[in-house]
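**Student:** Per TrEMBL, the features are:
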type: TRANSMEM; residues: 77-102; note: transmembrane segment
type: TRANSMEM; residues: 129-146; note: transmembrane segment
type: TRANSMEM; residues: 180-202; note: transmembrane segment
type: TRANSMEM; residues: 214-236; note: transmembrane segment
type: TRANSMEM; residues: 292-312; note: transmembrane segment
type: TRANSMEM; residues: 341-361; note: transmembrane segment
type: TRANSMEM; residues: 382-404; note: transmembrane segment
type: TRANSMEM; residues: 424-454; note: transmembrane segment
type: TRANSMEM; residues: 475-503; note: transmembrane segment
type: DOMAIN; residues: 531-686; note: domain 'STAS'
type: REGION; residues: 574-595; note: region 'Disordered'
type: COMPBIAS; residues: 582-595; note: compositional bias 'Basic and acidic residues'
């Protein structure tokens, strides 16, 4: 049943009657209240109804490919999708192997992760352009958790020995370090995916709006510094355990400097040569990306060349270089997560789920806006959740959208997620045939690939002056989030960034001030007297504006700022009068003493003889809570006792409703339920009121 609206006109006095000017009044539309039981019944019935149309709609919403695949324009789109998918697949091969190193995993698991994520997002995602797969920041977070759990389980650092007999592995026999590492990562990924699906069921996709661009950028930059630091040991060929706990970045650099004497010269030379090749070629790709039909896969060329050099030069046997090792072909049988690990990694999984979802939704919305289509944040939550849950049974770790590969995908002609299937086919070829050829690939080469791909995030440091000029609060949020993520703890950096952003919003309401307004000639335009020239103040009427909502956190500041700008603090004035009354009662000096008190009590009238009405412009006041309503009550009451009328103008319907429910309107106390829709109406009404020193007719 539709909601009926009944329009009730607010009656006013006849213009011919003597008295104050009657302001222009609008008719209020009062909505008929529907019982909450009926509302709940409708919503439950709508959600729980079962029909063929309902099932079809639910299926299409849950699996978006069913909707867009029949409309696929094969002749127009297939070339672009095939080209972009193939190029992203070629780029993913070296990057998947490299980022496995960051996640403390064997190379094969990075290839698995990219393969399954590409297929699942094609089926469930709503963005046409983003590339879902391995993301550096998430790999760092996963690697930190894996390294911690390996240490707690007693596995030696950087070895592949089967040394424990007390590891709780409910999915099979006792396994070595590599087996336990992927078990931890898969369990972590499964838990993060469950969190994301639950958030999708609870329809909390809107939480992404609370993660600002400055917060995410600062977090990514801080994490990039940590990633860079973690890869230095591979560039130098050092065998150092990953530092855990707060301040890991500083501790890692201290450990690196202490062990510089153990640098492997073969790894160092290889790292320098790879950097000298990749850095300028990457810059060339970026500079000429508008002219190139597709970026040149220099990373793949470097990997092939380095693998051949290491194999024929026998770098592992001769110089002790650390290589990727055996990479099997095919797929391993699925395994269940280790349920006993979930209590240990539940908190870490939640932060990983938030980061993965925020990055994915931000990128999907950015590219959807650019190309003129819509994405569903809640469906994106489901998609990225299942991109983690399903692959976790096949020894994969956490995934999300990645900006670099998404930009490549878009620039090479991607039209739909069919390109994701092409990427998966390219990775499948590597998994089934080519993977063992990377046995001799040095880990320092993989570290170089990771470091070179951090250039975009590290360039943000050059944007700090511009950020500071544009918005200092955003720059502060960026700096604090970045510093906390890098110097203290990566996960804590995200939490600190959210808290700082929230406090900045609260701080803006706390720092709002009351401004006195003046009128621009005869126009109905009132602005801040301190900001514009040529404005005129009103005789006997002061107009003020408070540019923030009034609630429990700033109601005291509102009153303080108002009293200061009006130039009259009612509490101080009443205290002064009480003091004078007390002095008069204590003295018994006859007529001389009485004359002295008359002079004293007239101080207020001499100082404020031009102020009899006070108009408060409430247009910027978005809402009031109970404390805000009480604050306005106190202002009205305190000024009324001093003979000053208080009027509220331009209140929105939410504020008016809060005033009514809070008991602000009380005709017995002279507060009538009259609204002023313009400041001119309020000023005219105020001028028509009689000046009073005691009682006042206070209206709203």
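Don't overthink the numbers, they just go from 1 along the chain as shown.
Quick reminder: no glycine exception, Cβ is built from N, Cα and C everywhere.
All annotation found in TrEMBL is predicted automatically rather than curated by experts.
Where in this structure would I find these features, and how exposed are they?
**Tutor:** Sequence-distant neighbours of the transmembrane segment (77-102) (same chain, 6+ residues past either end, Cβ-Cβ under 8 Å): 108-111, 113-114, 131, 133-134, 136, 139-140, 143, 227, 230-231, 234, 294-295, 297, 299-300, 302-303, 324, 327, 405, 408-410, 412-416, 418-427, 430, 438, 441, 443, 446-447, 449-450, 453.
A Cβ distance under 8 Å defines the sequence-distant neighbours of the transmembrane segment (341-361), meaning residues of its chain 6+ beyond its ends; these are 130, 132, 135, 137-138, 141-142, 144-145, 149, 152, 183-184, 187-188, 191-193, 195-196, 199, 205, 207-208, 211, 216, 219, 375, 377, 380-381, 383-385, 388, 398-401, 491, 494-495.
Listed as Cβ neighbours of the transmembrane segment (424-454) (distance under 8 Å, sequence separation of 6 or more from its ends, same chain) are residues 85-86, 89-90, 92-99, 101-102, 107-108, 111-112, 114-115, 118-119, 122, 136, 224, 227-228, 231-232, 234-235, 237, 267-268, 270-271, 274-275, 278-279, 282, 299, 302-303, 306-307, 310-311, 315-316, 321-331, 404.
The list of residues near the transmembrane segment (475-503) in space but at least 6 beyond its ends in sequence, with Cβ under 8 angstroms from a Cβ of it, reads 137, 140-141, 144, 210-212, 214-215, 217-219, 221-223, 225-226, 245-250, 348, 351, 354-355, 460, 464, 467-468.
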**Student:** Determine which residues of the chain contact the transmembrane segment (214-236) at the Cβ level, with the cut-off under 8 Å and only residues 6 or more beyond its ends counted.
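**Tutor:** For the transmembrane segment (214-236), the far contacts come to 101-102, 136-137, 140-141, 143, 242, 248-249, 252-253, 256, 260, 263-264, 267-268, 271, 322, 355, 358-359, 362, 443-444, 446-448, 450-451, 454, 457-458, 460-461, 467, 474-475, 477-487, 490, 493-494, 497-498, 501.
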**Student:** In the same chain, who gets a Cβ under 8 Å from the transmembrane segment (180-202) while lying at least 6 residues past its ends?
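**Tutor:** Counting only partners 6 or more residues beyond its ends, the transmembrane segment (180-202) has Cβ contacts under 8 Å with 103-106, 109, 142, 145-146, 149-150, 153, 155, 167, 169, 171, 335, 337-339, 341-342, 345-346, 348-350, 352-353, 356-357, 378-379, 381-382, 384-393, 395-398.
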**Student:** Over the domain 'STAS' (531-686), work out the mean pLDDT and round it to an integer.
**Tutor:** 78
